[in-house]
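Q: For reference, the structure I am asking about is given below.
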């Protein structure tokens, strides 16, 4: 469990005075619904009990000073002149959020910020969105700003679009802002409506980090998003008023798929079928049908591997090992892909045997050390420390 006292002491030592607020925003694991969010589709994530923490104290000027414990690096910028840092990507998440809040005509004053996290970076658990939402919420606390969770998520997403250069969907930021303990959230990424679904007590969610790291910015992620948008353009003459692949059904693709070139048809097929799987998965989990939920997770992985082509050998190995391990209902890659993690749904009374089988199997197959995370569905962003001093 993360020790707030360690962050408090580090802040006081570095800045010379104690923090007045500490905020946390969780990482997330997506149970199913991958690469659907930027297609106006459905996703089914849960917030984790792993989080990014921001200790903060307001200043009397317009300067923001930041120190990242994880990167052992510092940044300083002026709220009146926020520009991208071309060398260091991590600082752009923070600068972008500040810029986004100011763009909404929200008054900000300078601040000292110290950031730490126990969300593994690059593992597909959305450490970046946790950072954005935690920083945005911290600025809210320091400046007496009241944004709805959905609004905070949109500010955070905008930071990633404009300052980081990744055209991400809204899922990661939304679950970081709105997560509910003990539940996954079925989110409609078109209108941002959501429905909490309880995770049955007899099930556990286990995340396995492949150890393979991805770089999303400027990579194949943006190419796939562009491909999906092109598929919509090509299908519009036949299907009429479609705005995104969310509006296309499998039966539509069966009839009009010939309108798409060979490189785009598999992309569209994945997104369309994944939306259908995600809605079915929420119903299955709500009914406590873990077998059905697991089957849908496996079908999702096959689609991500074969049609969307975002899996890698290590992720496929983890899924194969999981499906052969004791008590596993289903397993799939989770996150953007090209590395990162898998998520498995496991019977609670088989978790220890499952974890042992995964560790041994992955070491034999790849020579890599695996540290599976048995995850609890956590709450969304919150203030975890507030002093009486302002």
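Cβ coordinates are placed from backbone N, Cα and C, and glycine is handled just like the others.
So Swiss-Prot says this about it:
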type	residues	note
SITE	28	site 'Transition state stabilizer'
BINDING	34, 35, 36, 37, 221	substrate binding site
BINDING	68, 122, 123, 124, 125, 126, 127, 128	ATP binding site
BINDING	128, 160	Mg(2+) binding site
ACT_SITE	172	active site, proton acceptor
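Explain the structural surroundings of these features, please.
A: Within the same chain, residues at least six positions away from residue 28 (site 'Transition state stabilizer') with a Cβ under 8 Å of its Cβ are 45, 46, 47, 48, 125, 126, 129, 130, 171, 172, 175, 176, 179.
Taking a C-beta cut-off of under 8 angstroms and a sequence separation of 6 or more, residue 35 (substrate binding site) has the following same-chain neighbours: 224, 228, 270, 271, 274, 304, 308, 310, 336, 337.
Classification of residue 68 (ATP binding site) by DSSP places it within a strand.
Annotation for residue 128 (ATP binding site): same-chain Cβ neighbours under 8 Å, separated by at least 6 residues, are 93, 160, 164, 172. Secondary structure at residue 128 (ATP binding site), as computed by DSSP, is helix.
All chains included, 29 other C-beta atoms sit within 10 angstroms of the C-beta of residue 172 (active site, proton acceptor).
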Q: Between all pairs in 34, 35, 36, 37, 221 (listed as substrate binders), what's the biggest Cα distance, rounded to the nearest Å?
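A: For the residues that bind substrate, the greatest Cα distance is 13 Å.
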Q: Looking at the binding-site residues 34, 160, which one has the fewest other Cβ atoms within 10 Å of its own Cβ?
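A: Lowest Cβ count within 10 Å among the binding-site residues (34, 160) is 160.
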Q: Below 8 Å Cβ to Cβ and six or more residues apart, same chain only. Which residues does that give for residue 127 (ATP binding site)?
A: 27, 52, 117, 119, 120, 121
Q: Given the binding-site residues 36, 123, which one's Cβ is surrounded by the fewest other Cβ atoms within 10 Å?
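A: Each of the binding-site residues 36, 123 was scored by Cβ atoms within 10 Å; lowest is 123.
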Q: Work out how many Å separate residue 68 (ATP binding site) and residue 36 (substrate binding site) at their Cα atoms, rounded off.
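A: Given the Cα positions, residue 68 (ATP binding site) is 32 Å from residue 36 (substrate binding site).
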